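Novice: Got a structure here, written out as structure tokens. Questions coming.
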């Protein structure tokens, strides 16, 4: 149940999360001062996150050098804030120090960013981030006993190293989220190191916050992509839909005021300005709790808590009750004779208010669906307001809205039918084949990740009463992962079109896609059919990963094969592994059977 609530939170209210390591003073203390003290106290973590996210290839030793420089800068400024260098923005100082590290810009190929200034420099460092972390070595894993001993011997270095490894593998995750994960990691380490069954404890307790990290990572990347690719207006619309559903009694003027804080937060968070991101997050929470009477009846107890517990409390609070006087439909947008005049007076504000009114009346709809409805309404008014009798035209708006939702509902129902009819593994193979045919240019790691995410979305949502909103929200996040966040992300013309043309309708765009016609498969099998006895040593999970990779690489090699033929070859691969691992000489068996499977593939 907790996982389900977290899923709902990710979709509906992710920007309320606060770091569990934020200071513990009650809310009536000066928030700006508290937040600044937190930043000063945590300069080490903040520096590690920023550096490791900007320059993912940098070694831990290089990161430690920057931490030392930034700590000295902090101490100097705490002693005398009137010094000229202390008036600079923290992120500016950080980037200056990164650029000043001898030989580093040339070593990691970011010297071109150091030649830029201000916003252009920040943006350059942002675009230097790499979503594909295949370039990094595997995440180091320690034996539980060794992990506990390392923590006991040098807590600071142990935690710093953890923050470094997680940050460089999650370059687009907001700093407060990473700080939350780090705090939970330390709590888990303390608890599990006291247990007899340490390995089991670590495995059990790690799952929830790994899920938390993955879920928020997807949403944050999606939100930042919306901001950077489609502009502030789309991000504003997303936030209107989210807040109006969560807090249906909030007035439109109050919502507009809150949106100013929420939207400004994204500039720092999306650019990777760790300090501004933390400040922005704290400001949003303070705003909500200072106006709670006009925002929600569900958060009073939450706002009386200290900051570490406050964010979690609000996350898990229920959506506020719908106001008794809230009609089922807002007539002024459909039945009024002067809709066109109101729209023309201030189109942005008019459309924002429509989205607010529609969202607070429809808690059962997904965020993407609410954006689709808003787009349909906007296009309808564009058409109607040029007619002789506009009211007669837009009075049928609800029919258009219902048609739009019906189309989206059918897509979700079709996906949940796949979930009902196929087992978990077969469902994954279905999506691995489809995704690889659509975007064979993506790496094998990315495609296997996307396939697993699709399965998780359907497994999480398809048995719920709120199936539609849950599936539509989570699948939209998977498509956001596919589209990526960086400006230099180009996959193929058809996929790029869906990613870049219309944020609200990209789901239906992807539904209409077929296998990529521009893709040229490799001329050789590149070792795909070369198997060895090490397959017999693979544990179930590792063997499953190898099967997933085999299927994706098979589709890349033979994209023209139908799904049934691909499934048949995957079954043959499974049979070969089972047969040879039971043989007296597994290596000899693989040597004999591998060419047969390759020949069958060629003949298919």
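Cβ from N, Cα, C; glycine included.
Per Swiss-Prot, the feature disulfide bond maps to 99-114, 113-124, 192-201, 224-270, 269-277, 289-303, 302-313, 416-462, 461-470, 483-499, 498-509, 580-589 (among others); the stated evidence is sequence analysis. For 22-210, the entry in Swiss-Prot reads domain 'Albumin 1'. Marked as domain 'Albumin 2' by Swiss-Prot on the basis of sequence analysis: 211-403. The feature domain 'Albumin 3' is assigned by Swiss-Prot to 404-598. Summarising the annotation, Swiss-Prot assigns N-linked glycosylation site to 109, 434. Marked as region 'Binding pocket for hydrophobic ligands' by Swiss-Prot on the basis of similarity to another entry: 215-319. Annotated signal peptide per Swiss-Prot: 1-21, in sequence order, evidence recorded as experimental evidence.
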Novice: Can you tell me the CA-to-CA distance separating residue 302 (disulfide bond) and residue 416 (disulfide bond), as a whole number of Å?
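Specialist: Computed Cα spacing between residue 302 (disulfide bond) and residue 416 (disulfide bond) is 36 Å.
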Novice: Validating a neighbour-count step here. Other CB atoms within 10 A of the CB of residue 434 (N-linked glycosylation site): how many?
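Specialist: I get 17 for this one.
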Novice: Do you know offhand how many angstrom separate residue 509 (disulfide bond) and residue 434 (N-linked glycosylation site) by C-alpha?
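Specialist: Spelling it out, the Cα of residue 509 (disulfide bond) and the Cα of residue 434 (N-linked glycosylation site) are 15 Å apart.
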Novice: Checking the contact step here: among the disulfide-bonded residues 114, 270, 470, which have a Cα within 10 Å of the Cα of residue 124 (disulfide bond)?
Specialist: 114
Novice: Give the distance between the Cα atoms of residue 269 (disulfide bond) and residue 192 (disulfide bond), rounded to the nearest whole Å.
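Specialist: On Cα coordinates alone, these residues lie 33 Å apart.
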Novice: How do the residues of the region 'Binding pocket for hydrophobic ligands' (215-319) split into helix, strand and coil according to DSSP?
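Specialist: Tallied per class, the region 'Binding pocket for hydrophobic ligands' (215-319) gives 86 helix, 0 strand, 19 coil.
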Novice: Looking at the disulfide-bonded residues 114, 498, 499, 580, which has the shortest Cα distance to residue 303 (disulfide bond)?
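Specialist: With Cα distances computed to residue 303 (disulfide bond), the winner among 114, 498, 499, 580 is 499.
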Novice: Out of 113, 192, 416, 498, point to the one nearest residue 99 (disulfide bond) in space (Cα versus Cα); all of them are disulfide-bonded residues in the record.
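Specialist: Comparing Cα positions, the candidate nearest residue 99 (disulfide bond) turns out to be 113.
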Novice: Distance between residue 224 (disulfide bond) and residue 113 (disulfide bond) at the Cα atoms, whole Å?
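Specialist: About 21 Å separates the two Cα atoms.
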Novice: Which state, by DSSP, holds residue 109 (N-linked glycosylation site): helix, strand or coil?
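Specialist: DSSP call for residue 109 (N-linked glycosylation site): coil, neither helix nor strand.
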Novice: Of 113, 461, 470, 580, 589, which disulfide-bonded residues are close to residue 277 (disulfide bond), meaning a Cα within 10 Å of its Cα?
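Specialist: None, since no candidate lies within 10 Å.
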Novice: Within 10 angstroms of the C-beta of residue 580 (disulfide bond), what count of other C-beta atoms is obtained when all protein chains are considered?
Specialist: 23
Novice: For the domain 'Albumin 2' (211-403), would you mind checking the mean pLDDT of the predicted model?
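Specialist: Across the residues of the domain 'Albumin 2' (211-403) the model's pLDDT averages 87 on the 0 to 100 scale.
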